[in-house]
Amino acid sequence: MSDTDGKKPLGLGGGSRSGQVKQSFSHGRTKSVLVETKRKRVVVPKPGASGSSTTTSSPSHLGDPAKRPAGISDAEMERRLAALRAAKLREVDDAKRRAEEERQREEERQRRREELEAKEREERERAEALRQKAEDEERARREAEEAARRAEEAKRAPAPAPAAAQPDAADSRASAPTSAKPGLPPSRKEREREADRDRTTKKDDSRRSGKLTLNEALSGEGGRTRSLAAMKREQEKARQKAMGFGHKAEKQVRDVQLPETIVVQELANRMAERAADVVKALMKMGMMVTMNQSIDADTAELVIEEFGHRAVRVSDADVEHVIDTVEDKAEDLQPRPPIITIMGHVDHGKTSLLDAIRKTSVVSGEAGGITQHIGAYQVKTESGAVLTFLDTPGHAAFTSMRARGAQVTDIVVLVVAADDAVMPQTVEAIKHAKAAKVPMIVAINKIDKPDADPNKVRTDLLQHEVIVEKMSGDVLDVEVSAKTGLGLDELLENIALQAELLDLRANPKRAAQGAVIEAKLDVGRGPVATVLVQHGTLKRGDIFVVGQQWGKVRALVNDKGERVDEAGPSVPVEVLGLNGTPEAGDVLNVVETEAQAREIADYREKAARDKRAAAGAATTLEQLMAKAKADADVAELPVVIKADVQGSAEAIVQALEKVGNEEVRVRVLHYGVGAITETDIGLAEASQAAVIGFNVRANASARQAANQKSVEIRYYSVIYDLVDDVKKAASGLLKAEVREHFIGYARIQEVFRITGVGNVAGCLVTEGVARRSAGVRLLRDNVVIHEGTLKTLKRFKDEVKEVQSGQECGMAFERYEDIRAGDVIEIFEREEVERKLA
């Protein structure tokens, strides 16, 4: 016999029974619906199955050597059993934990359910109270109206006759229903109507469920039903109506932050009002604006008050309040190194003096032997004192650099050459030091020269109110020689003494703040700023904002070129990690987040842009026309400036602004820091300008573009060479000066009329010489009546080039014939002389 004997064959069918019913809808539509009845298969375990499974999973069975899998030792079996026991314990713990969590969740759900029920119960009671109150008021009002109406009718109408009530009774009897007879059972039609009414009620009740039942599908009823959502909406509307009957929702009063200018749409959003309503309110005030236009703060405040809100004035400058302005406590202040700025006239030996102190040679690396950058160095003296030195340029073009050096310094060392005395930049340095209110030490340099006269220096300083100690003043003065090292120790001692008197202290634990001494765009490192830390400690990773730029400190490099992790007060460092090149003189502040730094930088950039737009905008049409007319009369020399550092670029721009007069001027189209790029060439080509590179070069693409577009690129490393060349180029735009030289006079003796030529004057040259190419003026009674040129000059019948004094000749004027005997002809020549800018 086969194993399959007595068993039915397997198949996919028979799992469920199906049939079709037809569902009817309104308007004669039908739909066939498939109805399935699924059968469930119940599996009953065989007797003894549970016992065998228990036996199989028992440890004794696993530990039985006879039934143990082959190749498993006792130790391995013990480990497996321990793992099983640990797993069972974990399962028990997990089950307990899940049960506890479920219990807590159930308690939380129960608590929330009770709170919700209590809230709903309070709302129902409140709604019921409001509804009852409204009904009582309405009933009282109706009763009062009915009583008043009856009293009014009683006053107007006479008492009715008793017989008048008879027809009313008859009418009431006639209007009574006649279908039902008292005491008789209902008829068949009445029973059918009652059944229809019950069926309709049941049908309406089932429509709330929103589901199609099998009975409805078979009976064809309940085709188009009302949705459950519609019923919920109606119930919610009725509930809200009952709760808010006779009460208007209270308007929420908001505090609206109001900047200096705001767009109408944004104002509406902050008030949570419709923009159309705000526009309508502004139109009532006489302002025809759209929702995308801006309005001023005063107008917006009136609108806010009209809508019942409160205006809170805020300024765009509030974003800068996040900058830390902590007042340092006395116990947190620690001594810091003094900052000494070396200032003086060009070539008076400032950098050489600093080289002698540092025992280095910086001046040999400067172009032209003059300092064109501001340098910051730290020097440790033999006594162990640390001094921070700032070396400033002495050239006249670097006024702003010297001013920046004086603003951040503690002590100014004024270097004056003993053989040159006080010069213009020396006077300027004195003014900067006095404006910054910092003490001054005079270093009389080049004392080793034979023609040195230190007393002349001291006497010249008296004219500028600088009185040294040797002349009974309070300003220290030291005679030094940077070449031989004479007097350097005394100078350092005086600096240390002055620093002790100042008692310089700072808090190194606060957020860092410093001043940008110099900034540049390095090819390999990007924007780099030389920062002198004034307060706090600047660390790697700090987020900072400086002027219109922001960044994160990627690296700190000290004056020796070494990378450091932090820089304390009075320490100069190069900061890497800026998103752009800042302006020299900007203040660096450390902030908490990158978002704050970006927001402050964006605000400062917008403020600077608005300031430039306001400065360049003409207020009236007359001013605009006058400016255009003035510009038309002035010749311009456009240039594009690129420099290695920000301070040099500023100095070049300031120097070029002074070049020119009322006829010609230099126009700087753009100045920046870094190499000359293709963008600079495109700008210069569009404006017919020259590109000037100061200690920078053009990249390959820029050089190629310059050759293609015929744009001139000039390179310089010394600023006064640059200024001299630009001055020469601007001088070429000046109109040449015309000078007249009188070469002779002739008197008209007689006038002849010649056919084809016109009037010809027979003249006698009384003085000088008469030339054919010269200009002439006709004088009558010493009054000039004509100025022009000669058409012909003849002696006898020959055309000649010139006629000497005392000889007679014939002259005819070009396009002029009103000549008379006795008139005087003045003969002159014009010469054009090139002009130069002073």
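Backbone N, Cα and C atoms are what each Cβ position is placed from, and that goes for glycine too.
Remember, it's a predicted structure, so these values are computed and weren't measured experimentally.
Swiss-Prot has this to say about the protein:
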- 344-351, 391-395, 445-448: GTP binding site (BINDING)
- 18-27: compositional bias 'Polar residues' (COMPBIAS)
- 50-60: compositional bias 'Low complexity' (COMPBIAS)
- 88-156: compositional bias 'Basic and acidic residues' (COMPBIAS)
- 162-177: compositional bias 'Low complexity' (COMPBIAS)
- 187-208: compositional bias 'Basic and acidic residues' (COMPBIAS)
- 335-509: domain 'tr-type G' (DOMAIN)
- 1-235: region 'Disordered' (REGION)
- 391-394: region 'G3' (REGION)
- 445-448: region 'G4' (REGION)
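Using a 10 Å radius centred on the Cβ of Thr392 (GTP binding site) and all shown protein chains, the other Cβ atoms total 28. The DSSP secondary structure for Ile447 (GTP binding site) is coil.
In terms of DSSP helix, strand and coil, the compositional bias 'Basic and acidic residues' (88-156) has 69 helix, 0 strand, 0 coil. Counted within 10 Å of its Cβ, the other Cβ atoms near Gly344 (GTP binding site) come to 28, all protein chains included. Note on the region 'G3' (391-394): mean pLDDT across this stretch is 64.
Within 10 Å of the C-beta of Asp347 (GTP binding site) we count 16 further C-beta atoms, all protein chains included.
Here the Cβ of Lys350 (GTP binding site) has 29 other Cβ atoms within 10 Å, regardless of which shown protein chain they belong to.
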